[in-house]
Amino acid sequence: MSISLSEIRKHVRMFFIFAKNSLVGYMEYKANFYSGLIMETVFLLSKLIYIIFVYQLGIEINGISPDQMMIFTGTYTIMIAIYTGLFMDNFYRFAGHIRNGTLDLYMTKPLSLQFMISLRHVNFAFPIPNLIAGITMIVLAWQRLGIDPSFIHLAGYIGVILSSTIVTYSVLLLPQILAFWTVKSGSIFDILDKCWDLNNMPMYIYPKWLRRIGLYVVPILFITNMPSVYLIDRLDLFLGIWIFAAPVISLLVVRLFWKLAVKHYESASS
Amino acid sequence: MSIIQVEHLSKSFKYYEKELGLKKSLKNLVKRKSLIKEAVSEISLVIEQGEMVGFLGPNGSGKTTTLKMLSGILYPTSGQATVLGYVPWERKKEFKMQFSIVMGQKSQLWWDLPANESLYLNKCIYEVEDKPYNLVLDELTEILDVKDLLNIQVRRLSLGERMKMELIASLIHRPKVIFLDEPTIGLDLISQKRIREFLKYYNQQTKATVILTSHYMADIEDLCKRTIIINQGKIVYDGDLRRVNELFHTKKIIKLQFTDEVPRQALSDYGVITQHDGLNAVMEIDKHDLQQLSKMMLDRFPILDFTVEDIPVERGIESLYQKDGVRHESLAEV
């Protein structure tokens, strides 16, 4: 698994070309772009309504104040923006590449196959409303909670978001890889999709055993909670180390699983 | 110098059988009967640099599976192969930089973008410098006559134009080995011919080694001196195309349409009748007697329409098996 600097540079460059191509492709279908934007905005508003109710009632949940709750919701919304922008389109198409055999041609290219399949398309419509709403909530809650707006704090938060992004990629890609054996993976994807909704609320509302599974075994709760826990000063030493360890371990696991799966690729009939 | 060496290469696939009906589907949910298909069986071959070799065979004969193994897409079940000194299924970057595969039924172009965006993408993937890229692009678009189409969205191109773009995209890095899997499938005759002319020119200019699979006889006939015929996963012929041609072309098919009914017995003197319904007939006659027999039939019968065709490639292969004594059970699926 040797990675040279020039290869990393090449892949970063390729990512931007993929993103550019996706954007050009998006602009070809204006109606699709705007309808995606509207759909996601409506979806976001429906989610925000009950958050507003919780906020107005001023209920504390396991010591989490409504303002702190807004940090969780804001982070959740930002993570949705990242997921829908970078990964969703690719993961939805994943099993199709195997079923239709389009993976064949990608496989012969001198570029990481995993990279090409999982980061080929960037969605520009879905993330926009989520990103705006998420950042707005974080800024508002940040002010109301009187969190020191220092560079260190901001850089730390962005760093944990980055760590969560890698965990999101790994946790949601892992079940997709099963498609190499099962060919269709819609149901597996749906299960993970529902699990993702566990991030809707702070992890403190869940029983300890579920929290532990969600943080350390299948780190789906890691995604929204870690950046928020960092901001509201609830981070202990163990969780601090886990912020660095989880993305490395999860990425390693997904990479090894990928390599194993690709050996089993049987291609579709021509 | 041998560029491709294959020894006893085999590939088996596991698949499941499902009989008709919902009940059988429910049964399959619990227990499925798995079967093994040997797609490629113990094939061995050596291909030299600059050779243009045709893989010929009916559907499901193992042509594409062989190409997929040689391009590293599939792992073989057993056997060995090297291409340019590399084991293909190790999928090393150095190997990928030196070969290309074109699949007639699969596209590498971005559907919603102009072709030049996909070509540029391949330039970056294959790390081609600007100058050689522009030179190759100019040359290939000129020869294939698609210079004016570079800025048009791929989805708006015709099938023939798209295939030309696919070829350019695959050749942008000047590969030393090119695998072409049915590059002319679905194209009209003129487009097929143009693509063939281009491939011939490209092979002569670059001395690239080319393996071409097709079940269009004309593709192989035009381009390849050496033909490898595969059926049921086995190589049944490897050699000079002229010898295969002789076998394929000893007979011709004549299709006749009559204005009045002609009895079967009246036609049987002229050749082997393969289809007959009174007003229509299909016959096989010896190529050497074609002119004479045609004239006789035109004089004797009330013929409305008369067409002469080559024996289909599958029939030619069948003749080849019989002549070489190669055992095979049935060609019913051909």
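Yeah, the Cβs are placed from backbone N, Cα and C, and that goes for glycine too.
TrEMBL: automatically predicted annotations, no manual curation.
Listed in TrEMBL for this protein:
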TRANSMEM  A:37-57  transmembrane segment
TRANSMEM  A:69-88  transmembrane segment
TRANSMEM  A:122-142  transmembrane segment
TRANSMEM  A:154-174  transmembrane segment
TRANSMEM  A:213-232  transmembrane segment
TRANSMEM  A:238-258  transmembrane segment
Is the number of Cβ-Cβ pairs under 8 Å between the transmembrane segment (A:69-88) and the transmembrane segment (A:213-232) three or more, considering only pairs separated by 6 or more positions? yes
Winner by Cβ pairs under 8 Å against the transmembrane segment (A:154-174), considering only A:37-57, A:122-142, A:213-232, A:238-258: A:238-258
Distal contacts, the transmembrane segment (A:238-258) - CB-CB under 8 A, six or more residues away: 1, 114, 160, 162-163, 166-167, 169-171, 173-174, 177, 215-216, 219, 222, 226, 229-230
Same chain only, please: residues at least 6 beyond the ends of the transmembrane segment (A:122-142) with a C-beta under 8 Å from a C-beta of the stretch. Say none if there are none. 18-19, 22-23, 26, 32-34, 36-37, 40-41, 44, 48, 67-68, 70-71, 73-82, 84-86, 88-89, 149, 231
Given the transmembrane segment (A:213-232), its same-chain partners at Cβ distance under 8 Å and 6+ residues beyond its ends are 64, 68, 71-72, 75-76, 79, 138, 142, 145, 147, 153, 156-157, 160-161, 163-164, 167-168, 171, 192, 195-196, 198-199, 202-203, 206, 239, 242-243, 246, 250
